[in-house]
Amino acid sequence: MGKLLRHFLTLRDFSKDEILEIINIGLEIKKSLKSAVCKHELKNQTLAMIFEKSSTRTRVSFETGMFQLGGHALFLSNRDIHLGRGEPVKDTARVISGMCDMIMIRTFEHSRIEEFASYSKVPVINGLTDSYHPVQLLADYMTLVEYGMEKNIIAAYVGDGNNMTHSWMMLAAKLGFELRVATPKGYEVDEKILQEALLIAKESGAVIKVTNDPSEAVKGATVVTTDTWTSMGQEEEKEARIRIFNGFMVDEKMMSQAASNAKFLHCLPAYRGLEVSEEVFEKHSEIIFNEAENRLHAQKGLMVWLDKQRNI
């Protein structure tokens with residue numbers, strides 16, 4: 001085992017330079033793949049993928065990414081392991097980390113992945129929790145870099161104050177750009193996470209604003225983004241949320257208030273006619289699906305970076 005064990009649980013734990021280094025590694029790997037030059041930088045390594053929440057993009061991107069890097073990915077659902085049947089998190093962590101080289105977890109409570117990481121002997125990656133979705137933000141920022149939009153970012157997030165919103169706040173705080181968040185009353189971001197982001201923003205020069213007015217958030221924005229109004233586990237609230245979020249759909253009228261060259265991002269799956277209109281989604285479909293593909297490349301950059309830290 002090398003000298004340094006780093007986990008990727010939230011962007012809060014990473015410096016600006018580290019985030020940019022991970023992005024750059026991902027971009028280089030993507031470039032190499034497109035030119036049919038694959039470096040097996042994780043040859044013979046095994047990634048354990050624990051899914052307590054199901055996903056299309058997370059499983060496909062991590063499994064494909066590990067294969068392209070020369071390694072193997074092992075899919076584990078609650079039905080496959082004792083973690084879903086009462087075994088203590090700390091026991092599962094010690095067992096799996098003794099057999100695998102890296103672990104990705106997609107789960108509910110953020111405290112669950114924090115406990116797992118505290119007992120793991122190998123890097124743990126947050127594939128999504130109720131509080132954060134940091135791997136998605138790596139892909140989002142990589143996409144902005146590819147489109148030459150990383151300078152003077154003014155980002156607007158319109159919708160639910162959820163894990164995506166929290167991760168956007170951390171990215172803005174770390175990289176020093178402006179982020180405006182618009183949510184309905186009662187669906188604001190977590191106050192503790194907001195205060196943490198604002199504290200970091202003081203050092204980086206970032207500007208983070210929260211409002212209940214979508215127009216205030218979107219005006220002049222260079223990037224507009226949203227997420228589903230009803231996350232996994234909130235299905236019983238769906239009809240109520242649709243009523244409450246009325247006026248928060250990103251449509252052509254809302255996008256017309258953004259900068260003339262503004263781009264729209266969505267982490268997917270997208271529910272057209274709810275958080276985004278069919279017209280806006282299709283108009284920006286090229287960048288959206290490039291953003292989706294970049295989950296693969298950004299996560300490869302992350303896994304390579306985490307592996308290198310063990311050998312410093």
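Cβ coordinates are placed from backbone N, Cα and C, and glycine is handled just like the others.
Per Swiss-Prot, the L-ornithine site holds Asp227, Ser231, Met232; the candidate it also names there, chosen from Asn163, Asn261, Asn290, Asn294, is Asn163. Swiss-Prot names Ser55, Thr56, Arg57, Thr58, His133, Pro134, Val135, Gln136, Cys267, Leu268, Arg295 as carbamoyl phosphate ligands; from the candidate set Arg12, Arg94, Arg106, the record adds Arg106 to that same site.
DSSP assigns Ser55 (carbamoyl phosphate binding site) to coil in the three-state reduction, outside any helix or strand. The distance from the Cα of Leu268 (carbamoyl phosphate binding site) to the Cα of Asn163 (L-ornithine binding site) comes to 13 Å. For the binding site of carbamoyl phosphate, formed by Ser55, Thr56, Arg57, Thr58, Arg106, His133, Pro134, Val135, Gln136, Cys267, Leu268, Arg295 according to the record, the largest Cα to Cα distance is 17 Å, rounded to a whole number. Under a cutoff of 8 A between CB atoms, and with a sequence separation of 6+ in the same chain, the neighbours of Gln136 (carbamoyl phosphate binding site) are Leu128, Met164, Ser167, Cys267, Arg295. Its Cβ taken as reference, Arg57 (carbamoyl phosphate binding site) is surrounded by 19 other Cβ atoms within 10 Å in the chains shown.
The Cβ of Pro134 (carbamoyl phosphate binding site) has Phe8, Leu9, Thr10, Leu11, Asn126, Ser167, Met170 as same-chain neighbours under 8 Å, each 6 or more residues away in sequence.
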